[in-house]
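Notes to accompany the following structure.
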Amino acid sequence: MTTRSALPTLLPAGGGLGVSVLALFLLPQIGWAVSYKSGDPVTLYVNKVGPYHNPQETYHYYTLPVCRPKEVRHKALSLGEVLDGDRMAESLYEIRFKENTERKTVCQLTLSEKEVEQLREAVEELYYFEFVLDDIPIWGFVGYMEESGFLPHSHKVGLWTHLDFNIEYNGDSVIFANVSVKDVKPVPLDGGGGVLPGAGPGAGLAVTHSYSVRWFESPLPHGRRAERLRDYSFFPKTLEIHWLSIINSLVLVVLLLGFVIIILMRVLKNDFARYNVEEDGGCDDLDQGDNGWKIIHTDVFRFPPYKSLLCAVLGVGAQFLTLATGIIVMALLGMFNVHRHGAINSAAIVLYALTSCVSGYCSCRFYTQIHGQRWVWNIILTSTLFSAPLFLTWSVVNSVHWWSGSTQALPATTVLLLLGAWVLVGFPLTVIGGIMGKNRAGNFQAPCRTRNIPRQIPPQPWYKHTAVHMAIGGFLPFSAISVELYYIFATVWGREHYTLYGILLCVFAILLSVGACISVALTYFLLSGEDYRWWWRSVLSTGSTGIFIFVYSIFYYRNRSSMSGLVQSAEFFGYSLLTAFVFSLMLGAVSFCASLAFIRYIYRSLKMD
């Protein structure tokens, strides 16, 4: 008899709507221990198959012509597992705790010509399978392919019909499991080898699926079994130089920040000394005979066009800043299982819904401060600024997965649950946050009053144009995270396990610091040219980092991965575009707040009556 020390989160992969909405808000499980007695059945679930080089192109294991029960029973899954493409179902493999099994037959199949061709294509595309035993993923290849010689050319394709399961245990718990095909010959799929005796052509290919189970005692306790999985390498590991690369990047970024801060402080010190020589005269007389940023003091706080959109960008950017910080902190606290990426998916959805109040509050508060009148429209724009592009992108990507039969296509119950989370939690919290922000807005704190007639802006040199500032302001923050970005891509779009969340937190802080400093420097250069249109410029200059991230994703797809095909390409480019958009919103909000604080500081420091 098996016992589990905590209730699981339940979310059917398909079926009725009898799902508690509370499942959305439950924290991901962290590998609860399951106790077994000798001879107890240990359920092996079959999960998915897919091309080795396309991590997000996965299909249900039973889409292949393999041994399957008469009635397929699926395991209840968490929301994160469903989003990760998991579709676990019970298998015909009978495994009992601490009982070895040798050459036990699972089933005998006679494959038609079409089924043989399906398996041959799967083997040639390097299909791998994933099983799950006690929450431990088990990977292996469907078959074997060998290319040899030029003249004559040899092309051999075989199917693994026997699997050796090696399972490690400690006391009454399962610690680790893997599968091997050592000393096993594959069944040829290119003719011969398995034709029924005495059968004529077209009678089919007879195959017998079998398995063996061997148990080994492990000194590792259950609480540390994630370490054992981390050390196992079915997929290649490429993160050995992580620390050296990150330290090198951090040193360069610190030097860059120090250079910008020192230069800017020296220039500002000279400006203050020059502008504050004349202590007499009012605020309106300061522009007589002066030039530079001092002369535009009556225009620098002139409110920008498209106020509602600007405030929505700031609000959603603040929301994602809160969400990213929460995810990293939760990872540092060990709340995510190393071999279950679905936990992060669940946490991200829960945090996105709960932090909607942040976007509504920040957006509507600032909108009210800059004399915005249509606050209801501002709340609606804030709530849809990201959710609308997300829905459109998901619709296209999910349609491609549905058309191809991939398990990445979300079931109807999951779609309704996610929609309900936004309608019943996300949107109401945005409205509540917006109302609170409107009521607590107060006045916009401007050190100088704004004239009714705007000042004419002199012609600007080419290096002060928006495109140049966007190139500079986007490239420098991108260079700060370029090294870490590779490891993140290798984790999300590859086979790596990311565990150095402390380094990720440091890089995240460096990214925000670089974005803020670069935005302040570019804003100063803009004001020095007597151009007071800094509001949108400060958002776009550092927000353009998202463009560089998307360009890097194209580079990664073409030069750092072996991904191909419509399904994987739609998933990769669709969500890479969304990721770039998120970075643009987040960094745009940070850079705007830094520029606003800087402008208030320098104009407040002038000696004006």
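Glycine residues also receive a Cβ, built from the backbone N, Cα and C atoms like all the rest.
What you are looking at is a predicted structure, and each value in this text was computed from that prediction instead of being measured.
Per TrEMBL, transmembrane segment is recorded for 243-265 (among others).
The feature transmembrane segment is assigned by TrEMBL to 309-336 (among others). Residues 27-28, 30, 343-344, 347-348, 351-352, 355-356, 358-364, 366-367, 370, 372, 378, 381-382, 385-386, 501-502, 504-505, 508, 512, 535-536, 539, 582, 585-590, 592-593 of the same chain lie 6 or more positions beyond the ends of the transmembrane segment (309-336) yet place their CB under 8 Å from a CB of it.
The transmembrane segment feature in TrEMBL is assigned to 342-363 (among others). Same-chain residues lying 6+ beyond the ends of the transmembrane segment (342-363) with a Cβ under 8 Å from its Cβ atoms: 9, 24-30, 78-84, 86, 311-312, 314-316, 318-319, 322-323, 326-327, 330-331, 335-336, 378-379, 382-383, 418, 421-422, 425-427, 429-437.
What TrEMBL lists as transmembrane segment is 375-397 (among others).
Feature annotation from TrEMBL assigns transmembrane segment to 409-435 (among others).
The transmembrane segment annotation in TrEMBL covers 467-489 (among others).
Under the heading transmembrane segment, TrEMBL lists 501-527 (among others). Remote same-chain residues near the transmembrane segment (501-527) are listed as 242-243, 246, 249-250, 253-254, 256-257, 260-261, 264, 267-268, 292-293, 296, 300, 321, 324-325, 328-329, 331-332, 464, 469, 472-473, 476-477, 480-481, 484, 533-534, 537-538, 541-542, 545, 587, 590-595, 598-599 (criterion: CB distance under 8 Å, separation of at least six residues from the stretch ends).
Listed by sequence, the residues of this chain that lie at least six past the ends of the transmembrane segment (534-557) yet keep a Cβ under 8 A from its Cβ atoms are 300, 303-304, 306, 310, 313-314, 466, 469-475, 477-478, 482, 485-486, 489, 493, 515, 518-519, 522-523, 526-527, 563, 569, 572-573, 576-577, 579-585, 587-592, 594-596, 599. The transmembrane segment annotation in TrEMBL covers 534-557 (among others).
Within its own chain, the transmembrane segment (577-603) has Cβ neighbours under 8 Å at 268, 271, 293, 297, 300-301, 313-318, 320-321, 324, 385-386, 389-390, 393, 445-448, 473, 477, 511-512, 515-520, 523-524, 527, 534-535, 538-547, 549-550, 553, counting only residues six or more beyond its boundaries. As annotated by TrEMBL, transmembrane segment applies to 577-603 (among others).
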